[in-house]
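Novice: I'd like to ask you about the structure that follows.
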Amino acid sequence: MNFSVCNRKGKTPRRPPPKKPSNNQKDPVGVYCRVRPLGAEDEECCIEVISNTTIQLHAPDGLKANRNGEFKETQYSFKKVFGIKTTQRELFEDVAKPLVEDLIHCKNGLLFTYGVTGSGKTYTMTGSPGQGGLLPRSLDMIFNSIGPYQAKRYVFKPDDKNGMEVQNQVDALLDRQKRDSQTSVPKTPTTRRIDPEFADMISPEEACKSGGVDEDSSYSVFVSYIEIYNNYIYDLLEETPFDPIKPKPPQSKILREDQNHNMYVAGCTEVEVKSTEEAFEVFWRGKLILKSKEIFFMKVKSQPHLLFLFQDKSQVNVSQLCLVDLAGSERTSRTRAEGSRLREAGNINQSLMTLRTCIEVLRENQMCGTNKMVPYRDSKVTHLFKNYFDGEGKVRMVVCVNPKADDYEETLLVMRFAEMTQEVEVARPVDRPICGFAAGRRQRNQAFKDELTHRLEERGGPIDGESPTVLNQLLQSFHPLPPCEISGPNDDVTLPRLIEALEKRHKIRQMMVQEYNKTEQDSNLLSKENFIQEQRGRLGEKDKMIQNQKNEIDRLEKKSKMLEYKIDILQKTTNIYEEDKRSLQHELESREQRLQREMSEKRRMETRMQGIVTDAKLKWEKECVSVFP
């Protein structure tokens, strides 16, 4: 046997990646197009929807597309095109719903929006009150599907290495008690508040639910929220103590590789959420107004319900859905950015250029059979999601376009990138193996518990007043009366034996009477307890109704406060604009006065110069007359 060792001096050799199940089936990257409405009716439009899969770009007036001076019209095809009348629900049904179903069934997914600034990317991803986007609808569908099967909080716990630990019930209970008793630490203040209107994004009739959920597993949902700004990664959910004297800037995070060679953000906060409302609150807590790439992670942890008794970490399935809102790409000459904004725009464009380069190399490798190295490490975005392009989950992209003519050149570049992305194929993820337990365990366990409880109640019934069973047993235990005939005057056995038998029967009778009285008392007590329980149930329903009304009042009060806050902000903004207007008016008046002074000075100078020219002219005429009389 021959062994060969290859190593570089001073570096630890990279361990070989684990062998993954081979899968020759591949699917192209799903690219969708959404066209937003024009801002004004009189704006020139450069995009026309030809069909539900094709759009056509028209060059705007004044722009020649070729040397002959003719307008060039180009068509681009997508998996599906969504016009200006498409609702948020229709977009979610076609684009994000299959990814959420895969997430619940232990498969990964990546969905990102791409387009020019102002093309509707954030509206598509987040939405607005009454028109929830892809992110809130995905969260709502997750909790509508796995709500009854969620594990208790802190049963699953992240291990800070992109893995998951399973705690026993005692440790999980201690962590829950610690969370409830922990006092809140002052956090870094932010300018954005939690918007109560976010709870009204999805109406109840638009709620969506996934079918085929494994009822024999327990689930937990964890969310993370990061931002890539100037090619640095920041955790938007990180809680840092606030120092008013010397505030600390946010610390950037680094990318690491776990034992399965998947990339993750080291030290990123993972918050366990148990409801859609709690997930919304976490999302708005991390929402910042910055022109950067915002990435929202949703992780679903699941494990067969029976294995919680053994805390088997190997049977924990972790699936992840990443929703990415990419920053808009546009020319810096058009935005007229300066200073830090110019550097920021340059980093954004450079990162998007790296994404395009990676897509180009992937397409070339697949179409031409080459084996070029894909430059994932040139950007944090591509480095973080390299596993998805290597076959760790489905990849989908929503291209958002603005049909106005001013964005024609940028939109043309976006269309070319989308067309190229559709030609990249990603390996279809392999179904993960699960334990071979029989289906329906949870239902059978619950039925067994109910039957056991029912039988225990029946067994305990005679003690609580089920006297007929006891009395029948007593009656069956009676002995027949002894013979009553006296054999003679010296018979001293028959009468004492009869008296003893009658005394025993008398005692049994007294016991039967006592048992009957006790049964009657217990039945009366039981009926009274049932009546009390019924009244308590009605009282609980009334309390719930009152609590719901209080919650509705609190929500309306919060909404009213938010509207007052917005009015205050608008008033302050108006005051600032008025102040700017007055200062600009004052500056304009001062410049007009200076201009008038300069004009009067110019007129005086012209008059003076004319006088000098006239004097010189007369002088030369006199000299000419004197010389030539």
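Here the Cβ of each residue, glycine as well, is placed from N, Cα and C on the backbone.
Summarising the annotation, TrEMBL assigns region 'Disordered' to 1-28. The compositional bias 'Basic residues' annotation in TrEMBL covers 8-18. If you look up TrEMBL, you'll see 28-424 marked as domain 'Kinesin motor'. Look at TrEMBL and you will find G115, V116, T117, G118, S119, G120, K121, T122 tagged as ATP binding site. Here TrEMBL flags 539-608 as coiled coil.
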Novice: Taking every protein chain shown into account, which of the binding-site residues T117, S119, T122 has the largest tally of Cβ atoms within 10 Å of its Cβ?
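Specialist: Per the Cβ count, the most surrounded site is S119.
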Novice: V116 (ATP binding site) has how many other Cβ neighbours within 10 Å of its own Cβ?
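Specialist: A count of 22.
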Novice: By a simple count of other Cβ atoms within 10 Å, which of G115, G118, the binding-site residues in the record, is least packed?
Specialist: G118
Novice: Across the domain 'Kinesin motor' (28-424), what does the mean pLDDT come to, as a whole number?
Specialist: 81
Novice: Note down the number of other Cβ atoms within 10 Å of the Cβ of K121 (ATP binding site), including every protein chain shown.
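Specialist: So the Cβ neighbour count for K121 (ATP binding site) comes to 25.
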Novice: List the same-chain residues at least 6 positions away in sequence whose Cβ sits under 8 Å from the Cβ of G120 (ATP binding site), in sequence order, or say none.
Specialist: R34, R36, C400, N402
